[in-house]
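Take a look at the structure set out below.
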């Protein structure tokens with residue numbers, strides 16, 4: 001459905017105002033209420049950030065990425081954890097939400113995992129902008145409690161550039177929530193779980209780290225389980241573990257896509273796999 005001129009004008013004005021606010025506050029260390037700002041920032045409205053549900057991961061999206069993890073400047077994303085005296089970060093990112101969508105999982109994980117830095121990677125421009133604006137508002141509105149300092153988002157293509165951001169064995173958890181199912185067989189190569197990509201995930205995951213997957217598409221669930229089962233560096237975790245892990249509970253209910261599935265009374269298929277030790281060379 002096309003927008004009227006008035007609707008398009010309102011969307012443009014809203015986005016321009018949010019962009020100005022984003023440029024001002026995106027990299028600011030928000031520890032206390034900011035001067036010259038109202039005490040509360042409105043959370044962004046999704047209707048002004050509409051974009052296609054999925055994006056072609058093989059397209060040239062003109063993304064910015066570091067040549068290596070050593071060249072990544074994390075201080076811009078997590079200024080609260082940057083030590084200016086030593087010019088170093090006091091923590092590293094250890095949790096990644098791949099294809100984070102509108103950021104619902106990260107927001108909930110922020111309180112569940114307060115000692116972890118959590119990064120969402122999202123390829124769509126407007127969705128990334130929404131999450132940035134959401135985090136800015138949450139940080140500002142909870143400045144006194146210093147909450148939500150441990151989450152952020154960047155626009156990136158995890159299928160191409162993941163090792164450019166993360167060192168070997170850096171991550172403890174990776175989440176793949178309701179990824180694009182790519183139903184057509186000729187599109188299966190674009191799925192986020194493949195043999196080749198699993199080897200990259202194994203590289204950035206520490207031993208004992210966990211891959212979390214959830215989807216409402218049974219065919220995709222079976223595909224992900226099959227490929228993870230076949231990979232020598234991953235072992236599936238049982239139902240008892242799933243029932244006890246708080247991140248699984250959050251993953252089921254916190255994401256925007258998960259809430260939509262729940263409203264439609266659809267199924268949610270969950271599978272988690274632990275990163276095994278590297279085999280000893282003989």
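For all residues, glycine too, the Cβ spot is worked out from N, Cα and C.
The feature active site is assigned by Swiss-Prot to 180, with sequence analysis given as support. Residues annotated as S-adenosyl-L-methionine binding site in Swiss-Prot, with sequence analysis given as evidence: 99, 122, 123, 157, 158, 177, 255, 256, 257. What Swiss-Prot lists as compositional bias 'Basic and acidic residues' is 16-31. Per Swiss-Prot, region 'Disordered' is recorded for 1-31.
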DSSP-derived class (H/G/I helix, E/B strand, else coil) of residue 99 (S-adenosyl-L-methionine binding site):
coil
Could you round the CA separation between residue 257 (S-adenosyl-L-methionine binding site) and the residue listed as 'active site' to a whole angstrom and send it over?
11
Could you give the maximum C-alpha to C-alpha distance in Å for the residues 99, 122, 123, 157, 158, 177, 255, 256, 257 that bind S-adenosyl-L-methionine per the record?
21
Quick one: pull the CA-CA distance for residue 180 (active site) versus residue 255 (S-adenosyl-L-methionine binding site), whole Å only.
15
I'd like the Cβ neighbour count for the residue listed as 'active site', meaning other Cβ atoms within 10 Å of its Cβ, all protein chains included.
18
Far apart in sequence but close in space: which same-chain residues, 6 or more away, have a Cβ under 8 Å from residue 158 (S-adenosyl-L-methionine binding site)?
96, 98, 99, 121, 192
